[in-house]
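Encoded as structure tokens, the structure appears first; notes follow it.
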Amino acid sequence: MRICEHDQHIRGFPPPWFWQIAIWAASPAAWQRNSPKSNASPPLPPMTDLMTPDGRMSFTLHSPPRSPSPPSPHHSPSTPSTFSALEVVPSPLSSPSYIMERLREWWKPTYEPLEDQDEREDASSPKAQRVSRFEYFVFLSLGVAMLWSWNMFMACATYFQRRFAENEFLLNNFQSLILVVSTITNLGSAVYLSCRQKSANYPWRICASLVINCTVFTVLALSAVMFRVGPEAYITVLLICVLWASWSAGLSQNGIYAFANKFGGIYTQAIMTGQGVAGVLPAIALEIVSVLAVPQSPGTQGSTASPKSAFIYFLTATFVSGSCLLLFLLLLSHHRISPHKSGSDVIDSDHAPAIHTQVSLWVLLKKLKFLSFAVWQCFLVTMTFPVYTQVILSVRPEDTSPRMFKPDVFIPIGFMLWNLGDLSGRVLCGWRRFTCDRPKLLALVSIARLVYIPLYTMCNIKGHGAVISSDLFYWLVQFTFGMSNGWVGSNVMMSTPGWVGDDEKEASGGFMGMCLVAGLATGSFASFLIVNV
């Protein structure tokens, strides 16, 4: 007989000892001891206390053998004369592990990761996979190409200022126009491509995005040295290039994440690391080295202001995209995959084209609700850092401070430290001890990153003074904020394949990429509100 845990009358009160006495008193052995026909009292029934694995207390009573006696009119022959395993649930307050059990139940995922029959190890674990260095390098390169185009538009701001110097409106608003066109196009392409799963050809999407990037930046490079047009005509060309580059980014984000999910979580980490590299290299190569190595005179323009420098810089983006395209084609040929056919079954031996099934976005949202929220919230908060970084100055007086603490160097250093922290967080996820596959914990950490906004307000914003008068404090805020972004984003994207079925992995990659872009878009619009605060 088992007393149910959900019986509210038994679970809290009376306590377990009450039931021990009551059950013993109701046992036949207890009545036999008080019977007038028996001169000697039988021994008390032995009791064995057992603690079950789930925290229950099980009491088993054994009655001693009795001599046959005539049946009683009040006792049915079919009624058993002993109790064989009665289980009593202790009061929650009397169990010292009650609070910890409830906490473990809350932290326990509401759904279990689905694995293939042949693979019992966690698919997102770097140690659970045999990692190919070539494949890892290819996915890392694809991650670099994914963000390199956006960094080109940001790094060439001085060149664009030179092109729009004759039009005050375009000079003051060209960055906002680039941001709006890029955000709307990127988010729209992510939603559209996520809804078109059944006819999805992810290798083709990746190749198409790289070809588009090569074309766009070749046009921009030629426009720097060949097309001498006015600001109005050039802004039209520039926004068309931004639109195509943003569509290319949507294709690459949807295709690369979906394609990498079939290889395993460690290759998703390679993509995230490549994105971090794409953020660090331009900052070091252009914003820092050029300024420190060649100090500018007051009337000298930046290194990217000249048409020749912009031409070389745009061609660099073309070279990066073209190299990644060749590497990806080598990867496809290694697995005998045609870019004109589906690449879903890259793990299968026959390499036959897969028949895609349409997976509802609502189904993916229910399975990945905490992970999708975590990546959305993470990049929403992340978009606040450029707003503060470009207005926070050194606490040292500008006229007497070394060149390193002057605004033209101090601000790029802030961007570089954030990007270095972001890269560090992504690289750390390559070691199992630094990974986390608990969706609820990742969601909480993404919310906790909101604390960095008040930390930024404690720095020297626009030279109005700092609550904590220390440049080291600001640099620590920048580095740790970037590291938290890389760590949360990488862990979320790496753990996604382990929480869906094998036929949903590609769709989940595109879905999580859409959530990432949605976070960036929401953060971009929220940053306009922060600027005016």
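Any Cβ shown, glycine's included, is placed from N, Cα and C.
The following features are taken from TrEMBL:
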type     : residues : note
COMPBIAS : 32-41    : compositional bias 'Polar residues'
COMPBIAS : 65-74    : compositional bias 'Pro residues'
REGION   : 32-83    : region 'Disordered'
TRANSMEM : 136-161  : transmembrane segment
TRANSMEM : 173-194  : transmembrane segment
TRANSMEM : 206-227  : transmembrane segment
TRANSMEM : 233-252  : transmembrane segment
TRANSMEM : 264-290  : transmembrane segment
TRANSMEM : 310-332  : transmembrane segment
TRANSMEM : 370-389  : transmembrane segment
TRANSMEM : 409-429  : transmembrane segment
TRANSMEM : 472-490  : transmembrane segment
TRANSMEM : 511-531  : transmembrane segment
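Here the transmembrane segment (233-252) touches the transmembrane segment (206-227). Their Cβ atoms form 3 or more pairs under 8 Å, with each pair 6 or more residues apart.
The listed stretches are 310-332, 370-389, 409-429, 472-490, 511-531; of these, 511-531 has the most Cβ pairs under 8 Å to the transmembrane segment (173-194). Away from its own ends, the transmembrane segment (206-227) comes close to residues 142, 145, 149, 152, 159, 234, 237-238, 241, 244-245, 247-249, 251-252, 255-256, 259, 307-308, 310-311, 314-315, 317-318, 321-322, 324-325, 328-329, 339 of its chain (Cβ-Cβ under 8 Å, at least six residues beyond either end). By the Cβ criterion (under 8 Å, sequence separation of 6 or more), the transmembrane segment (370-389) is not in contact with the transmembrane segment (136-161), since fewer than 3 such pairs are found. Simply put, out of 136-161, 409-429, 472-490, 136-161 has the most Cβ pairs sitting under 8 Å from the transmembrane segment (310-332). Residues 171, 174-175, 178, 182, 206, 210, 213, 216-217, 220, 224, 238, 242, 245, 248-249, 252-253, 256, 260, 263, 266-268, 270-279, 282, 286-287, 301-307, 309-310, 313-314, 316-317, 320-321, 323-324, 327-328, 330-331 of the same chain sit 6 or more residues outside the transmembrane segment (136-161) yet have a Cβ under 8 Å from a Cβ within it.
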